[in-house]
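First comes the structure, then the notes that go with it.
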Amino acid sequence: MNTTANYHPPPSSQPPFSDSDLDSDSDSENFQVGSDLSNSIFKTYLEFSSSSSSSSSITAVDLSKIQSFLTSSSSGALSCLICLERIRPSDPTWSCSSLCFALFHLLCIQSWARQSSDLSAARAAARLPITAETAAKQATWNCPKCRSSYSKSEIPRCYLCFCGKLRDPPSDNPWILPHSCGEICNRPLPNNCGHFCLLLCHPGPCPSCPKSVKARCFCGSVEDFRRCGFKNFSCNKLCKKRLDCNKHNCSEICHPGTCPPCRARETYRCRCGKKEEEKDCCDRDYRCENECKKLLNCGKHVCKRGCHGGDCGECPLQGNRTCPCGKRIYEGLPCDGVAPVCGATCNKLLNCGFHRCPERCHKGSCVETCRTMVKKACRCGGLKKEVPCYQDLSCERKCLRMRDCGRHACKRRCCDGDCPPCSEVCDKRLRCKNHKCPAPCHRGACAPCPIMVTISCACGETHFEVPCGTEMDHKPPKCRKLCKIAPLCRHASTSKPHRCHYGACPPCRAPCEEEYPCGHKCNLRCHGPRPPPNPEFTLKPKKKKSNHQTECTPGTPCPPCPELVWRPCVGEHFGAERMMVCSNTTRFSCDNLCGNLLPCGNHYCTKTCHPLETQPSSSGHQKRSESCEVCNLPCQKVRMPKCSHPCSLPCHPGECLPCKVLVKRSCHCGAMVHAFECIHYNNLSEKDQVAARSCGGPCHRKLPNCTHLCPEICHVDKCPAPDKCSKKVTVRCKCQTLKKEWICQDVQAAYRDTGNDPKDIPKNQFGLGLLPCNSDCKSKVQEVESALQLRKPKVLEKKEPENEKHGPKRRKRRDRIQEGKQVSRFQEFVASVKRLLLFIIIGAALIAVTYYSYKGLLQLSDWMNEVELQRARRRRSRF
């Protein structure tokens, strides 16, 4: 199996190859040598090809194998498929000459061939009835890659060049292909055209013959000059050769080989002529499914053969006939007569091939199954038993012999010892470490991984193949053609072209000069978008990473503008500007107070500097602002007209709302209270306020010099003429026996005459003592005292001496409680007996609780022991 796969090396951390990298001395020298080798090897072949009329694409296909080998050799990518090691120019090698033309180390292929042939001989000797010597002579080995078979005598024994003419070819000549003799190949070309290879000694298959010859097309109608290797061609016209039916011509386009069967549709009769069907011309001779049924020559029977052509033949029942068993012959019987049975034993050999039919001569076939009891042994010989002859005997014993793989047992029931080859898949990990062995389970080493990995440059023009598993050990080929990837930056029209490379294209060296929205220009090196690297052609990572850091990551937008500009603070205070980077949109505070007038219009913001409002910035976008603080002070404005009530609203702009507070004002005399709205009361004049506060009734204020009230209507200030009270006052003597009515102003004058101020006289004594007492007053006083003596109770006259001393109330209460607490001795005895009985009951209860608790614990312990014994018995019964 010869399969290939594209390999994509991993991306590299190193910068991509530049023009200077591709022009290094060592690389250019190696590449130039490879180019010269290709020119020298193909020179003679190309001279013949150029004179031929064939296309150059055919030449490229013929030389692709050799060109790939040359590329691999110049890149040092040749690897042995067996050991996966690099093939050096000085290493002895051997190449397969059948299909793949793969190159191997001579020692590796010799070891591989010996092991394979020995294993093949051992397997043949074990499975075939031949001797070990014969098996060793007939043993073969296979190519590790294409699995082409070679005999044991073809095991390579010496190091030959590719064409096989020179032994131990030189390896020190740089102008000769490694492992080549440098002479003309001169091997017979394929297709046995009679010409020989004109290339220098080369690896791989010889290309098609480049000589021009006169040749005809497949159908023979067109004659043309063609390259000898491609002299077989089609004229692309109808073939028109006579087909096998000798009736129709071929309708296919000119083609190689024999013409296809004739597909012309017609109606044909079968061989017996009874049935007609439409068939292809190539299927015109067919047989129907009916019997012939033609009357035979005897005139009594019909032909029982199937559909056939020609004469039906003689009647099979004519002539000498025998009984069914064939022992007795009857002569002269007519064809329609029945041959009688002879009565002897049939004795025909049954289907088993060992026993004969035991029945008497009979018509028809003998029994199909031989029921004779015989002693049989199974295939493995482990069971012997008498069974009917037709019945096969097999046991259920599994074969434990190891199969030829040496890893798996046979496990076939009643095996006869000839175990079949192992049907399992080997599935061992191959040396490439990428695939598993797909072959059936086998002995010895697995065949190398046949997959070849193609490593090519980015454009795919330069490539070579390496064995699977070695792709990470080879460097990708370097291509001298220009890179086909167009730059994506804004300098694409002026950028310098570069050569084919792996990974991303080299960065553009021109300055960016892209204009920012602020008006400045980017002064960095070009960092525009770069074409993405082809994922199929990328470099593998290096162990050492470059410490070089570019100014800007390619494929990213321009960095923020780095120019320095003056920026004001967020509060736009005068003299607080700072020098900042143009792209830095960070807003700063100057740490001063804001000082902005608050919405209330009465106070100023005391916060640290902050944005006053949402304003468009220099970059064109809106900046978020922070509002000034909220004034939480109460309203301190003076209301007009003035009042003592503060404004109920917080600090606010404009005038305060009218004061709706109810103001209580008493009337002038104090008899009632009026409620006014503050705004209404304060808007009144002083005269209107006095009139509004008057209750309209009497003054009700007490005059200062007497006990009477002011008789005027409710008025302001002091009552008028307090000394001229005209009310009547009852005047009495000291014993209150005599009385008269005076005018209040006379009573005041009388008090003043006696030297007393009327203001100091109590109300209940006003007018008392102003009249002098007479004789009638004394007799009346005596009568009153005697009447009072008679009215006093007698109990009060006798007072106990104990009540003479009056103690405090707490002491009296304590004495009464102590008198109530005095008890008798009988009551004390009864109380002591009750206490004794209570102690006895509590003790008995404690004893009972302790006893029953202890008894319950014993019962619980016995139950747990019984459960444990039952568990132990169950365990014993299990074992």
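Cβ atoms here come from the backbone N, Cα and C positions, even for glycine.
Quick look at what TrEMBL annotates:
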- 1-32: region 'Disordered' (REGION)
- 193-211: domain 'NF-X1-type' (DOMAIN)
- 245-264: domain 'NF-X1-type' (DOMAIN)
- 298-317: domain 'NF-X1-type' (DOMAIN)
- 352-372: domain 'NF-X1-type' (DOMAIN)
- 405-424: domain 'NF-X1-type' (DOMAIN)
- 432-451: domain 'NF-X1-type' (DOMAIN)
- 489-510: domain 'NF-X1-type' (DOMAIN)
- 600-630: domain 'NF-X1-type' (DOMAIN)
- 643-661: domain 'NF-X1-type' (DOMAIN)
- 706-727: domain 'NF-X1-type' (DOMAIN)
- 795-819: region 'Disordered' (REGION)
- 795-806: compositional bias 'Basic and acidic residues' (COMPBIAS)
- 836-854: transmembrane segment (TRANSMEM)
Tertiary contacts of the domain 'NF-X1-type' (706-727) (same chain, 6+ residues out, Cβ under 8 Å): 667-669, 671, 690, 694-700, 743-745, 747-748, 758, 763, 766
Residue numbers, six or more beyond the limits of the domain 'NF-X1-type' (405-424), whose CB comes under 8 Å of its CB atoms: 127, 378-380, 382-383, 394-399, 440-443
Same-chain residues at least 6 beyond the ends of the domain 'NF-X1-type' (643-661) whose Cβ lies under 8 Å from its Cβ atoms: 599-603, 631-637, 677-679, 682
Residues of the domain 'NF-X1-type' (432-451) by DSSP state, where helix covers H, G and I: 0 helix, 3 strand, 17 coil
Helix-strand-coil residue split for the domain 'NF-X1-type' (352-372), DSSP-based: 0 helix, 2 strand, 19 coil
